[in-house]
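One structure below.
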Amino acid sequence: MFIAMADFKILLLILILISLFELDLLHFHHDFFSPFPVKIGLLLISIFFYAYSTTRSKPVYLVDFSCHQPTDSCKISSETFFNMAKGAQLYTDETIQFMTRILNRSGLGDDTYSPRCMLTSPPTPSMYEARHESELVIFGALNSLFKKTGIEPREVGIFIVNCSLFNPNPSLSSMIVNRYKLKTDVKTYNLSGMGCSAGAISVDLATNLLKANPNTYAVIVSTENMTLSMYRGNDRSMLVPNCLFRVGGAAVMLSNRSQDRVRSKYELTHIVRTHKGSSDKHYTCAEQKEDSKGIVGVALSKELTVVAGDSLKTNLTALGPLVLPLSEKLRFILFLVKSKLFRLKVSPYVPDFKLCFKHFCIHAGGRALLDAVEKGLGLSEFDLEPSRMTLHRFGNTSSSSLWYELAYVEAKCRVKRGDRVWQLAFGSGFKCNSIVWRALRTIPANESLVGNPWGDSVHKYPVHVT
């Protein structure tokens, strides 16, 4: 394992001091500065700085990221979706009418993407097609990432893949090892069943692994597989995912190497994770199970928005003290004094997060969820633009939606040095996770569209979503 640059400097300092001791060049004539106490003092100072450099938290940099953009042949318009549903001969007329209403109010446009096997009549989902979808998305995102960064796959020491519903054997992380012929000591992780918030969980895992592995690159792949996830029954609680979820995936390059700071786009400042799974209502609000006829699907509770709001409140309680300015903290203390100490009836305290965040990347889970977050946090239509436009252009791409949203912000040339970005993810369990990044440099126009999935369409956005 390589020695970090800061550690190397401290070790070099100690070696120089030892050499000086041996040469007796630190001799002073005054009794107070006699050689022995001077040597001991300098040695203690060196030990202190060495201990500080080895125990302090090393920065984690986001070198770059890339989102997969499928080919036009995989685009699925509303009309194509309805034709597919009818051609499958699985759904009743009432079910098709219900999905029609959901899709028309979903906020999705006609340029989202579907697996190729779902565009045939009838659809032909299979394990082979599921693997094909994952290979296209994962390798497409990774190839773009390696091209953008100039980093070879074998230089990466840590790979983390998160895909909630598709868990083949060998794993998706092993598929990457095989494709890129990675080194035998590469550390790989495969996260499943973590829902749409798994991308944030992967960032947290990568951050902790980078603390234990200096001078290392970590790559995160966030995706979901649609081929085997389509619900083929008529239970209304399980039909909404059919209408909202689409093909997508992202690859993210993280580094703890000090020399990467200059070229990296962002530095990680905070991760706050909230898990409300101890509550049955939260645990079962988004659950994969069988319907009354034994058909597997993901059932969404009518309480989903309420559960998400409660989880968000808990998450913000932990995040607020880390990011809010002093003025907002004082207002919060005043609210607590009035409501708790004096039992006064006061309006709920809602922090102004626009004071500490420039860009908002809220998980594009659905129109209702985005509306609730916008209203609950007092955000503007402009603040929610990246999320709503991502939902319109790409649909709900699960854990990778946060990166399509950040790609939108970059494509609009809005990222300036020092800006803070808030990525907010929701997922089954129920989980609510926040990631805060600080932009290390301004993203110029000639770089913002390179390998960006918005490159061919950002000029059309924003659009009005009815």
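Each residue, glycine too, has its Cβ placed from N, Cα and C.
Features reported for this protein in Swiss-Prot:
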SIGNAL    1-23  signal peptide
TRANSMEM  32-52  transmembrane segment
DOMAIN    52-341  domain 'FAE'
ACT_SITE  CYS196  active site
ACT_SITE  HIS275  active site
ACT_SITE  HIS359  active site
ACT_SITE  HIS363  active site
ACT_SITE  HIS392  active site
ACT_SITE  ASN396  active site
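Location within the structure of each feature annotated in Swiss-Prot.
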residue : record      : DSSP class
CYS196  : active site : helix
HIS275  : active site : strand
HIS359  : active site : strand
HIS392  : active site : helix
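Mean pLDDT for the domain 'FAE' (52-341) in this predicted model: 94.
Only CYS196, HIS363, of the active-site residues CYS196, HIS275, HIS359, HIS363, have a C-alpha within 10 angstroms of the C-alpha of ASN396 (active site). Annotation for HIS363 (active site): spatial neighbours CYS196, SER197, LEU369, SER387, SER401, LEU402, LEU424, ALA425, PHE426, criterion Cβ-Cβ under 8 Å with sequence separation of six or more. Comparing Cβ neighbour counts within 10 Å across the active-site residues HIS275, HIS359, HIS392, the minimum falls on HIS275.
Residue pair HIS359 (active site) / HIS392 (active site) shows a Cα separation of 19 Å. In this structure the C-alpha atoms belonging to HIS392 (active site) and HIS275 (active site) are separated by 29 Å.
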